[in-house]
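Here is what TrEMBL records for this protein:
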{"type": "TRANSMEM", "residues": "42-63", "note": "transmembrane segment"}
{"type": "TRANSMEM", "residues": "174-196", "note": "transmembrane segment"}
{"type": "TRANSMEM", "residues": "203-223", "note": "transmembrane segment"}
{"type": "TRANSMEM", "residues": "255-277", "note": "transmembrane segment"}
{"type": "TRANSMEM", "residues": "297-318", "note": "transmembrane segment"}
{"type": "TRANSMEM", "residues": "382-401", "note": "transmembrane segment"}
{"type": "TRANSMEM", "residues": "442-462", "note": "transmembrane segment"}
{"type": "TRANSMEM", "residues": "474-499", "note": "transmembrane segment"}
Amino acid sequence: MGGPLGAIIGRYPTMGRPEQEGPQDGTGGGGIIHHNRKCRDLVFLFIFIAFWVAMIVNSSFAFNQGNPLRLTYGLDYKGNVCGDRHGDPDLRELEVKYWMNPNQVYQSGFKNTQSVLWSCQFIARASNASMRHWQQMGGVNIDENIIIDKTIHRAINSPSAVLKRYVADIGKTWPVLIVCGAILPLFLSVVWLLMIQHFVAGMTWITVSVFNILIIGVTMFFYTKAGWIGNDAISSIIGVGDPYYSTTGRELNHLRVATVLMTIVMVVCILSTIAIVRRILMATSVLKVAAKVIGEVQALIVYPVIPYIILVIFYMFWISAALHLFSSGQILQNDCQDCCAYDLKINRVNCDSCCGYRIHYTPHIAVAIIFHLFGCYWVTQFIVACSSTVIAGSVASYYWGRGEISIAITGKSFCKASVIATGLIMNNILRIGKVNVIGDVILFLGKLCVSLFSAVFAFLMLDTHKYSSAHNKISSPLFPVLVCWGLGYVVSTLFFAVVEMAIDTIILSFCQDAEEHQGTAQYAPPLLMETLDVKKRRRDSPKDHEHISTFR
């Protein structure tokens with residue numbers, strides 16, 4: 001790679017090593033960066049291809065067997081889903097369940113036959129005046145605080161039922177995921193990179209200050225929705241509904257656990273930022289080095305958009321497959337012994353097939369879900385690492401593992417390159433350790449700022465009327481907010497990798513320079529030497545000044 005980046009990426013001469021001399025035109029083996037390359041890590045490539053074949057098969061099963069509407073509406077007594085055009089009968093545009101009226105059972109003449117109620121009815125409702133006849137029909141005595149209440153509570157608040165509602169919330173809040181999980185972090189990440197390039201002196205202080213404000217704000221949101229501050233508990237988001245489906249359920253308990261964890265995280269983060277205040281100036285110097293590199297290659301700010309688009313497409317496919325996978329399973333009929341229900345067609349009570357249906361989850365579905373979750377993690381890391389390696393080809397840097405920069409320089413496989421990079425860092429750990437750590441901390445806080453902004457906006461969007469009533473009513477804001485938080489962090493990671501690479505390329509190139517010249521870097525830029533507080537001992541030669549002039 002020619003041009004002024006020669007001093008940045010480590011094209012140092014190999015004086016005193018005749019066996020390594022060769023053409024310097026970028027086609028041979030001269031210098032440190034190798035250009036004659038071949039495919040590496042083919043075994044892992046084949047494993048990844050096989051993994052994708054398994055992902056496609058797994059997702060095909062989900063799309064074939066699943067129906068996300070089951071998570072929202074459940075099944076009726078015939079095993080159909082409300083609004084399902086393929087049901088028997090056709091239920092298109094019929095999205096509201098019919099709850100059996102005990103008056104119909106009473107008037108049909110079957111007074112000694114029990115019936116099944118498909119809704120959690122309450123005595124105080126005007127529509128339940130017919131309940132006074134229930135005991136006369138031979139039914140159980142309905143009263144408050146009886147065992148049937150506890151049974152219904154256990155059924156509605158079972159772990160599987162709560163998990164289904166959480167997954168259904170993801171399907172209902174897809175506009176929030178698009179805005180707060182994709183568009184907003186993209187905008188904030190680009191703004192942060194531009195500010196790093198043009199306002200680097202104050203970015204460390206701005207990042208630390210904004211992070212503390214956001215972490216406190218998000219924690220206060222959790223306290224509010226948990227009902228510990230004010231009167232805006234989770235019921236204000238899910239809407240005023242039935243007592244069986246209100247703040248006494250598991251959703252509120254989960255939200256309160258998350259609130260306690262957020263409090264601990266907030267305290268640790270604030271104390272940590274206070275501890276690094278004295279190192280802020282050093283972080284500023286590190287970011288100045290990064291700004292110099294970004295200034296040389298302007299396209300680095302735009303390039304992460306490409307892996308970003310790939311990730312967005314993958315996540316759309318993955319979330320859709322996940323919704324179908326969680327709703328897949330066999331539809332089996334319940335035990336129909338001594339069960340009767342009112343049949344609308346014959347206007348009488350029918351004791352055949354009245355007990356309803358359930359979704360039976362087999363063990364292999366649980367394995368498929370675990371595999372699907374692992375697939376999301378692997379593909380995300382693969383795309384992030386590919387993006388890092390491509391940028392490494394431009395600025396000889398790396399992200400995620402310490403191997404990508406050595407891949408870009410030496411052309412070796414990931415494992416061998418990682419060994420080389422680790423050896424270089426360990427040999428120079430005392431000189432570069434604190435600088436590298438403080439730079440990574442500031443960048444980590446920046447990524448958290450972007451993801452916390454996404455979480456705050458997700459809270460605000462979910463606090464609107466749209467998600468507190470009708471079919472879009474969600475059970476809890478917890479799951480959508482956490483998903484937006486995670487998506488925001490992944491997107492910011494793609495863009496912040498540019499700055500991380502710019503910092504790490506200088507540091508690792510410094511290590512390579514010192515390794516090539518018996519412990520004394522000869523071609524390190526003055527700004528880096530000042531940041532590392534290293535006394536420069538280099539020979540005065542026109543070539544040295546030519547390499548150094550780029551950073552002056």
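Each Cβ is built from the backbone N, Cα and C atoms, and glycine gets one as well.
Outside the transmembrane segment (42-63) by six or more residues, the chain places 317, 321-322, 324-325, 328, 368, 371-372, 375, 378, 382, 414 with a CB less than 8 A from a CB of the stretch. It is 442-462 that, among the stretches 174-196, 255-277, 297-318, 442-462, 474-499, forms the most Cβ pairs under 8 Å with the transmembrane segment (203-223). Put simply, of 174-196, 255-277, 442-462, the stretch with the most CB pairs closer than 8 A to the transmembrane segment (297-318) is 174-196.
Away from its own ends, the transmembrane segment (255-277) comes close to residues 208, 211-212, 215-216, 218-219, 222-223, 225-226, 228, 234, 283, 438, 441, 445, 476-478 of its chain (Cβ-Cβ under 8 Å, at least six residues beyond either end).
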